[in-house]
Amino acid sequence: MEESKLPFVEHFYKLRTQPKWLIKLISLFIIGIISGFVAYKAIPMDSIPKIEGVSSDQQQSIYMMSTIVGGAFGTVFSAIIVFVIFLVMSKILKSDVGALSLFSAAFSYSIIIAIYGLIVNLITLVAGINPLDTRIDSLNIFSKGNVLLSTINLEVILKALLTGIVYFATSRLSKRTSIILAIVALILLIITGMTGSSMSQGMQGMAN
């Protein structure tokens with residue numbers, strides 16, 4: 001376990017005996033606020049659908065608050081969902097890991113993903129790229145505006161990698177089982193992302 005060369009393995013292994021979550025919760029909340037603000041600054045206001053009866057200044061304020069609040073609470077809510085998935089799968093596969101260890105692991109997982117997302121958003125903002133058209137860490141860079149290709153990105157690969165590491169290092173499942181679960185996670189993440197993008201495109205088409 002300790003000899004693994006994969007990143008974060010040692011950290012997630014230590015969570016079996018040293019689970020900490022409160023400082024992670026606070027950190028994730030703060031990162032979510034910052035990420036929400038950066039995302040708000042990166043998206044041009046003329047790309048946002050207009051709200052009838054609302055002035056441009058009011059709409060800008062509404063969008064800013066919804067993006068920041070959504071970033072803060074959305075990241076925490078996602079971490080809780082991740083915890084539930086880790087816990088259910090670990091117990092189904094007869095892992096002896098404690099719930100608190102997986103709770104801590106879920107927040108570590110979410111913090112890593114949130115920091116990665118923040119870095120991507122910062123690069124997008126500095127480069128002056130509209131994230132609604134181009135996701136710089138995805139195949140979408142080869143086809144601007146293709147939302148389906150934007151779902152195949154480095155973030156989903158990172159999520160799948162971390163999923164496998166959590167099951168391997170924290171849940172102490174076998175390497176083979178952890179790899180299989182990581183691959184399943186990758187496939188499901190891409191499929192759900194494509195499904196969500198297709199539904200979003202369909203709704204926009206109906207609105208137009």
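Every residue, even glycine, has its Cβ placed from backbone N, Cα and C.
As annotated by TrEMBL, transmembrane segment applies to 21-43 (among others).
Here TrEMBL flags 63-88 (among others) as transmembrane segment. Long-range contacts of the transmembrane segment (63-88) within the same chain: residues 25, 28-29, 31-37, 39-40, 45, 48, 99, 102-103, 105-107, 109-110, 114, 166-167, 170-171, each at least 6 residues beyond the stretch ends and with a Cβ under 8 Å from a Cβ of the stretch.
For 100-127 (among others), the entry in TrEMBL reads transmembrane segment. Within the chain carrying the transmembrane segment (100-127), a Cβ under 8 angstroms from the stretch's Cβ atoms is held by residues 8, 11-12, 15-17, 19-21, 24-25, 27-28, 31-32, 34-35, 38-39, 41-42, 75-76, 78-80, 82-83, 86-87, 90, 134-137, 154-155, 158-159, 162-163, 166, 170-171, all 6 or more beyond its ends.
Per TrEMBL, transmembrane segment is recorded for 147-168 (among others).
Beyond the ends of the transmembrane segment (180-199), by six or more residues, the same chain brings 89, 147-148, 150-152, 156-157, 159-161, 163-164, 167, 173 to within a C-beta distance below 8 angstroms of the stretch. Taken from TrEMBL, the feature transmembrane segment applies to 180-199 (among others).
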